[in-house]
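Positions annotated as Mn(2+) 1 binding site by Swiss-Prot: D60, G61. Per Swiss-Prot, Mn(2+) 2 binding site is recorded for D60, D438, D493. For 123-139, 259-309, the entry in Swiss-Prot reads compositional bias 'Acidic residues'. Swiss-Prot lists 26-502 with the feature domain 'PPM-type phosphatase'. The feature N-myristoyl glycine is assigned by Swiss-Prot to G2, with similarity to another entry given as support. Summarising the annotation, Swiss-Prot assigns omega-N-methylarginine to R22. Taken from Swiss-Prot, the feature phosphothreonine covers T122, and the record attributes it to similarity to another entry. For K380, the entry in Swiss-Prot reads N6-acetyllysine, with the evidence type similarity to another entry. For S524, the entry in Swiss-Prot reads phosphoserine. Annotated region 'Disordered' per Swiss-Prot: 118-139, 162-325, 510-542, in sequence order.
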Amino acid sequence: MGAYLSQPNTVKCSGDGVGAPRLPLPYGFSAMQGWRVSMEDAHNCIPELDNETAMFSVYDGHGGEEVALYCAKYLPDIIKDQKAYKEGKLQKALQDAFLAIDAKLTTDEVIKELAQIAGRPTEDEDDKEKVADEDDVDNEEAALLHEEATMTIEELLTRYGQNCQKGPPHTKSGTGIGDEPEPQGLNGEAGPEDPSRETPSQENGPTAKGHTGPSSNSDHGTEAGQIGEPGTATGEAGPSCSSASDKLPRVAKSKFFEDSEDESDEVEEEEDDIEECSEDEDGYSSEEAENEEDEDDTEEAEEDDDEEMMVPGMEGKEEPGSDSGTTAVVALIRGKQLIVANAGDSRCVVSEAGKALDMSYDHKPEDEVELARIKNAGGKVTMDGRVNGGLNLSRAIGDHFYKRNKNLPPQEQMISALPDIKVLTLTDDHEFMVIACDGIWNVMSSQEVVDFIQSKISQRDENGELRLLSSIVEELLDQCLAPDTSGDGTGCDNMTCIIICFKPRNTVELQPESGKRKLEEALSTEGAEENGNSDKKKAKRD
């Protein structure tokens, strides 16, 4: 089913917290893989980033989970390490931290760690020894070729078991080793046809059809079931191909000298004809030359377009942090200040008296500001809203495949890690905050999510206890999950969501009837004590 499972994985990772004593912020979160073949989201719920600051964040990975997990592990400390953070400048600290962690992804040490997170193979000592052994084999083959190049034809034929006096063989052996292929000129060009030497293709045996994948130990060989060009082989040949190619020179060498004189005469005649033709048709030749130049220009332009439209993985090399990345939306709460940094299309929304207040802006390539930066960096946005036909968002941590313009700073690359910052002073009207990846926002609008949570957040069970926030998130994820994958992908993505309340929650609330009943029980107990039944109360306490 391509990028989707046959059945959704609805197992959820959920949790709740009450915040820190100095900054009580009840929160609940849940994450679900859904229809995707893997889970690429990550998040942070840190009630005490320091003594007066809380941090909540969501990372939506793409091309792999490694960058999202790396950010969840290291970004909190990188934020705290920023000079601006220590000076109390949280907005500047967030911007600097996003760019700092993005730059770290290009270092060799971090690339290795990302590869380990992703489970991709890394080069170890065994690999290096294997490469050294292959180099030794190559050196031995080169020495053998050099030795054979200095030998006479008779010595070569003797070495390979042929008698020079027998002349060129014309047998119909089933192996095809002694069969003469169609004559070829120098550098593999076809020579003049000789009707006296017709060789049925059925008599050339299996080696005349080239080699197939199973007989090739080269990554560049043909795939299994595909047949190569007759008499040719690309890459390193396997055992069956190498045995044939080793024996082919014994026939081609002896026959080459027999045909060389006739071929040279024919070539000279053809050259004379070409010279006469060019003298008579100078105008036509110049016109052809102009057409060829136009064709060359067109081909070069097409090659340039192909380079611009390349997407990660097309170069045959996959590198974590280059062909993978993550969105990041980070919220810091210090006192009454809420500071939100966002790069990508994850989102933070605050409920203000029941109305959705967006605290982040989705970064899409077709947006005016984003499109201008992409074009200035040498990129394009396709009709379906993708940068160079690949990524469908314009800001992210990682994705260094799109950040290779050496003439521009990091924040001006096609894909930028520089976050937008929004600040809000919290009041009594601000009830809760929602941070989630686009797996939620592609299904429901900001207001729809706020309304959904608002309708659940005050619900209590039969014992009078408020619902856990994580249970509300779980219900939201189920609400967003698509019934199948037959649509446009909406509801089929990974989903991660966090709800943070700005005020403490009363976990138990006395209902009028239950309060009256408890008051009556207390009065009856006091009356019993006055009547000398204190032993019963003591027994209960014991």
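Placed from the backbone N, Cα and C atoms, the Cβ positions cover glycine too.
As the structure is a computational prediction, the values presented were derived from the model and not from experiment.
Projection of Swiss-Prot feature records onto the structure.
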residue	record	Cβ within 10 Å
R22	omega-N-methylarginine	11
D60	Mn(2+) 1 binding site	27
G61	Mn(2+) 1 binding site	27
K380	N6-acetyllysine	16
D438	Mn(2+) 2 binding site	20
D493	Mn(2+) 2 binding site	27
(request) Taking the recorded Mn(2+) 2 site as D60, D438, D493, identify the other residues of that chain whose CB atom sits within 8 Å of the mean position of the site's CB atoms, giving them in sequence order. (result) D41, T327, D345, S346, C437, G439, I440, W441, N442, N494, M495
(message) Give me the CA-CA distance between the residue listed as 'N6-acetyllysine' and D438 (Mn(2+) 2 binding site), in Å, as a whole number.
(response) 23
(request) Can you grab the distance from G61 (Mn(2+) 1 binding site) over to the residue listed as 'omega-N-methylarginine'? Cα atoms, rounded to a whole Å. (result) 33
(request) Give the distance between the Cα atoms of D493 (Mn(2+) 2 binding site) and D60 (Mn(2+) 1 binding site), rounded to the nearest whole Å. (result) 10
(request) Can you grab the distance from R22 (omega-N-methylarginine) over to D438 (Mn(2+) 2 binding site)? Cα atoms, rounded to a whole Å. (result) 32
(message) As a test of reading the model: what is the averaged pLDDT for the domain 'PPM-type phosphatase' (26-502)?
(response) 77
(message) I want to verify one value. Collapsing DSSP to three states, which class is G61 (Mn(2+) 1 binding site)?
(response) strand
